[in-house]
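In what follows, a single structure is set out as structure tokens and then discussed.
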Amino acid sequence: MPRVFSGIQPTGDPHIGNYFGAMKNYVRLGEEYGKDSIYCVVDLHAITNPAAYDPARLAERTFEMAVANFAAGLDPAKVTFFVQSQVPEHHELSWVFTALTPVGELERMTQYKDKSEQLESVPAGLLMYPVLMAADILLYKADTVPVGEDQTQHIELTREIARKFNHAYGDTFPEPKAVYAKDALRIPGVDGHGKMGKSKGETSTLGILEPLDSIWQKVRVAPTDPARVRRTDPGDPDKCLIGDYHKLFSDRPTIETVYAGCRTAGIGCVDCKKMLMEGVRRELEPLQARAADLRADPDLVRDALEQGAKEARAIARPVMEEVREKVGFLKAR
Ligand code: ATP
Ligand code: MG
């Protein structure tokens, strides 16, 4: 039976990379697979990166991440949506998987290399991140994982861990496959420094819950094609952040107008950015209104999350029992 799993870290405000790269696929797959599409705010992961973790803000960020997903169209009554730390089987399975995973494999993960480079002291948890991620997915025997392209290596490792477990203990887990959003594989940060990422801070991100004037302030100063020095120089929209963002937010005729206008110097960067903001407003205004309604009733959100954790545990418990028995742990009577 097909089953979907994906997680999102409460390491900061959800941004348009998360939204177009992952969350929109959650909604689409949620409509198809109902309760067998399982989504999780992965707070156990969030504590592994000291650059983005603040204990005083974790609970609030976790709540906000749930609000963002519900506002984006996920209905917790129709899918399974919960907070990772409320289902303790995640770390239980993770520990079993650490025993199957070579340290060398973990050390060559590019996300680990990127994130640990920024740190003076690297927590072991950051190295173990992909093992916990494998446990998140396989705990539900999920075979379909909607993610951005930056997770490809982690999904490949998950497949390897599944293979190793199956080889050692008999057929247990599927080998899951990633599902990507084809126009949003890896959305660049608005500061022009690589992938947009929550943990890189607000200069990198355009938040989906961010006030539109704050989004405009960042778009206004965002770098464009560096070859286009003067207004009269032709530009290359394929080498421009704003060109990338138009593909996410704008309709066909607008995209054609700004792409052609950029190439012929018929349109200036400021006007191109203003046209982008029309699409941003169209997409985000209704989402932000729904988020405001959800925030006004926090108990409703909390209840939905707790119900989601119950539903998740109902699947996770028997899988963990199967694992305990296969691994050879003495069963408590
Ligand atoms: P962090 O910087 O803390 O790792 P993040 O912004 O990378 O945060 P995650 O919670 O790690 O977000 O990832 C959630 C989902 O969003 C994943 O499926 C990931 O692949 C996807 N994603 C993250 N950033 C981008 C991006 N820039 N473009 C497309 N997809 C993205
Ligand atoms: Mg990430």
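Every residue gets a Cβ built from N, Cα and C, even glycine.
Note on TrEMBL: of 110-114, 195-199, 220-224, 320-324, the range annotated with the feature motif ''KMSKS' region' is 195-199. Assigned with DSSP, the residues of the motif ''HIGH' region' (10-18) fall into helix, strand and coil as follows: 3 helix, 1 strand, 5 coil.
Of the recorded residues, Thr11 (ATP binding site) and Asp136 (L-tryptophan binding site) place their C-alpha atoms 17 Å from one another. Fewest Cβ neighbours within 10 Å among the binding-site residues Asp136, Glu149: that distinction goes to Glu149. Here the Cα atom of Lys198 (ATP binding site) is found 20 Å from that of Asp136 (L-tryptophan binding site).
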